[in-house]
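**Q** One structure is given below, represented as structure tokens, and several questions about it will come after.
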Amino acid sequence: MEPTSPPKGCGSSISSIYYNLCDLTTVWGVVVEAVAAAGIVTSFILLVILMASIPFVTDKKRKGMVALQAGILVFTLGLFGLTFAFIVGQYSINCAARRFLYGVLFSGCLACLVMHGLWLALLKRSDRGPRSWMLCLGALGLWMVEVIINTEWLIITVLRSPPAPGGVMTPDVSCNIANQDFVSALVYVMVLVIAAVLIAVPSLTHKHKQWRRDGAFILVTGIFTLAIWVTWIVMYIHGNRVVGNPSWDDPTLAIAVVSNAWVFLFLYAIPEICLLTQEDPDQELPVDGDHVYPASSLVYDNILKEPETPHQNVYMENKAFTMDEPPAVPTKPVSPYGAYNGQLRSYLYQPTEIALIAKGLTKMDQGTMMPRARAPSLNRGGGSSLPCSADSLPS
């Protein structure tokens, strides 16, 4: 038999299992591939932004959620990569990766959502949620349950599958699995989806607006995830066979994975990163009885209550350090305590009493300055006008 010619858009050297990645006649593969590639780039950029925003997070409670948000971005990045496994044709390793990673990656995202919702519920009851490392351990425990389930299921169905007649192992046994069995292996993931929806409901009545928004993000993400899962399960088990096109099983799973991954980004990751460095006014309002005072007004009140130095006093203090020449006209003596106004010292510099006294004495010396002795003028025609000394007077 002559080999089939490659479809439009694919080269002759490309294997047939990769035709969906380049086949222009089968549009779904190229479109889903492009959307998944954009999701990989977006998830990586958001992860870098999240890590770079950690030094600028001022709220310690919100800073504790960074680990869970980073975990969701990592698992979402894996979901976008898993999409290519459903675009590529089926073979042994590819089918095993599909079966194992589908539930593992989804359970990782949903476990982080569940622990975030649990933290919000506990924060509402006691105004203090568990620590960040406890949340990470809880998410890790929920995720490991699905890892163990999928590992056991993969070992039982692949390694312990009965051999074919004649003692030969079927080469693609991992791909020969019924759709109902694939869905039944994801029951634990469905439980996590429902738990994420239910656990976010109590946080919608939180007294702080910022935590109500977090609960709303988790609830909306869970509802959209639940809708996507119900849709693809119905299509995967029943819909494609009713339509009469069972070959749409792989496109159904690929579209479900990439759409749910974008739901995690748009409805949870991006809003949480945008609110990461934002200070909420509800948290900074100190309550005094029935009245609420903004923290900024208290700062301004403290500043206004500080003793202010009159502008005239500041001018006098600055004048004490000037290098002006003494006045030409002698002034009256000034008291050394004239510049003291009885106010307490503020944050501005004020000279000490010794400096004020020295300033006053200097002005007194300038005011009572003795005139210099001048040489007498000699008249041409007159006698000497020099004063007589005591020795020149006749005895």
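Indices start at 1 and increase along the chain as displayed.
Cβ from N, Cα, C; glycine included.
The annotation domain 'G-protein coupled receptors family 3 profile' is assigned in TrEMBL to 22-272. The region 'Disordered' feature in TrEMBL is assigned to 372-395. Taken from TrEMBL, the feature transmembrane segment covers 34-54, 66-88, 100-122, 134-156, 182-204, 216-239, 251-270.
Map these features onto the structure and tell me what's around them.
**A** If you look at the transmembrane segment (34-54), the same-chain residues 6 or more away from its ends with a CB under 8 A from one of its CBs are 63, 66, 69-70, 73-74, 76-77, 80-81, 83-84, 258, 261-262, 265, 269-270, 273, 276-277.
Packing against the transmembrane segment (134-156) from elsewhere in the chain are residues 64-65, 67-68, 71, 96, 99-100, 103-104, 107-108, 110-112, 114-116, 118-119, 174, 185, 188-189, 192: each is 6 or more residues past its ends and has a CB under 8 Å from a CB in it.
Remote same-chain partners of the transmembrane segment (216-239), defined as residues 6 or more beyond its termini with a Cβ less than 8 Å from a stretch Cβ, comprise 110, 113, 116-117, 120, 179-180, 182-183, 190, 193-194, 196-197, 199-201, 203-204, 248-249, 252-253, 255-256, 259-260, 263-264, 267-268, 271-272.
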**Q** If you average pLDDT over the domain 'G-protein coupled receptors family 3 profile' (22-272), what do you get?
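**A** Summing pLDDT over the domain 'G-protein coupled receptors family 3 profile' (22-272) and dividing by its length gives 87.
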